[in-house]
Amino acid sequence: MTTELRVLDPIEWDRWYGVLELAFGGVAESPEERRLWRDLTEFDRSLGAWDGDLCVGTTGSFSFRLTVPGGASVPAAGVTMVSVAGTHRRRGILTSMMRRQLDDLRAAGEFLAVLTASEPGIYGRFGYGIASYSLRAVIDTNRVRLAVPEGVDGVVLRQADPAESSAACEAVYARRVSARPGMLARRPGWERLPLIDPEGERGGASPRLCVLAERDGEVVGFAHYAVKPDWSFAGADGSVNVRQLMALDPVAEAALWRFLWSVDLTASVRVWGRPVDDGWQHLVDDVRRCEPTLRDALHVRLVEVGPALEARTYQAPVDVVFEVEDAFCPWNEGRWRLTGDAKGASCVRTSDPADLSLSVRELGAAYLGGVPLTSLAAAGRVRELREGALVEASVAFGSPVAPWLPHGF
Ligand SMILES: CC(=O)SCCNC(=O)CCNC(=O)[C@H](O)C(C)(C)COP(=O)(O)OP(=O)(O)OC[C@H]1O[C@@H](n2cnc3c(N)ncnc32)[C@H](O)[C@@H]1OP(=O)(O)O
């Protein structure tokens, strides 16, 4: 059997997207969700695998801009909508799509690809490394006290309609984009994503609710959440499910957390997809009863090692030679000298002896500053060939704030 890969024609979208829906279990998305993803599809960046007239594979990418350590916003392909028909699985179709996609990105001069994986075991073989994690917590708000900083009482909270307050929330998002590596600048149309709220996916919870935090009449933060009422024999046992929370300063942020903590008739706050260094963890008196857990979030692939490492800055001076393995994209293989600091960087080919040896996957994992090279070395995935080079590079690659991807794609 041979399959043909070709760029998606807009008239094929329904059939193409149907393959994806079926690969994810066949439950049809709500019409509003489907419409959103159709509108957001970048057809010239989307590929279908065809077995004659039959679509059997899908992938695409969004032309994102990603915040990198140092605060710059750089182009990154947001790989998405990957699927292979169940009748055609494990015959190399995914591999052929990944091959074509990375070749196309390289030809277009795009040096970074990022994705969120349905299963974390899929993409390492194609050179993606897990660069950010997210935090989930189930907080027993009957037991866990929140100690808020001074000034919280000066923040005015206002219940608002999510759609009507979208522009104000987007303005807060826009001001936070450069604050953490891993965040994505909004492209036109993506402001609709936080408003998607299909009834069938609420799991018994309320529609999406929104509370705004204001100071001097200006919106300085917002929380999107839903309340899931529940009752036990002992009384109210509802939960507050936090979908998004962002603020321009720690006091406004604490005011929003305090509000969510105190929603009447609830006994827990559930958060997921939060940054691993989320501030509320330092306001609580019993972090154990918050049951924090981690999961992988953004996977990063350096399509072109040189330009990718030059696109970010380094929090301490660095001058190291990497010996890079990259079986899937062999143009990256070999030795690269990275020199840089907080102002800028250069990464060029060299024939000098290597200081560190690793694969492109480890460079992807370390890229956003959330996974220390020392930790990868402790797992045997980075080898130090010059004494001192590991700590030097690991410190330089780090970020003072954890990388965070606030939404999926
Ligand atoms: C960014 C995103 O969109 S994430 C969404 C990914 N899509 C899904 O999870 C939908 C359901 N799954 C599928 O559609 C398919 O099973 C896919 C896309 C995951 C795999 O497609 P296939 O065409 O079967 O993959 P292919 O035959 O190219 O396999 C390549 C390699 O990946 C491995 N592999 C494939 N799927 C998985 C998996 N889920 N977990 C771990 N390894 C996997 C194969 O075993 C093979 O390994 P090998 O090279 O060592 O032999």
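Along the chain as shown, the residues are counted starting at 1.
Placed from the backbone N, Cα and C atoms, the Cβ positions cover glycine too.
Because TrEMBL annotations are produced automatically, they should be read as predictions rather than curated entries.
Record features, source TrEMBL:
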ACT_SITE  Y123  active site, proton donor
ACT_SITE  F409  active site, proton acceptor
BINDING   V82, S83, V84, R90, R91, G92, I93, L94, T95, S118, E119  acetyl-CoA binding site
DOMAIN    3-149  domain 'N-acetyltransferase'
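In the three-state DSSP scheme, R91 (acetyl-CoA binding site) falls into the coil class. Comparing V84 (acetyl-CoA binding site) with Y123 (active site, proton donor), their Cα atoms are 14 Å apart once rounded. The two recorded residues, Y123 (active site, proton donor) and T95 (acetyl-CoA binding site), have Cα atoms 10 Å apart.
In this structure, the recorded positions that sit close to ligand 1, with a C-beta under 6 angstroms from any of its atoms, are V82, V84, chosen from V82, V84, F409. Looking at R91 (acetyl-CoA binding site) and the residue listed as 'active site, proton acceptor', their Cα atoms lie 26 Å from each other. Taking Cβ-Cβ distances under 8 Å and a sequence separation of 6 or more, the neighbours of I93 (acetyl-CoA binding site) in its chain are T3, A49, V56, G57, V84. Across the fold, the C-alpha of V82 (acetyl-CoA binding site) and the C-alpha of F409 (active site, proton acceptor) stand 11 Å from each other.
In this model, the domain 'N-acetyltransferase' (3-149) carries an average pLDDT of 98. Every protein chain shown contributes to the tally, and the Cβ of V84 (acetyl-CoA binding site) ends up with 24 other Cβ atoms within 10 Å.
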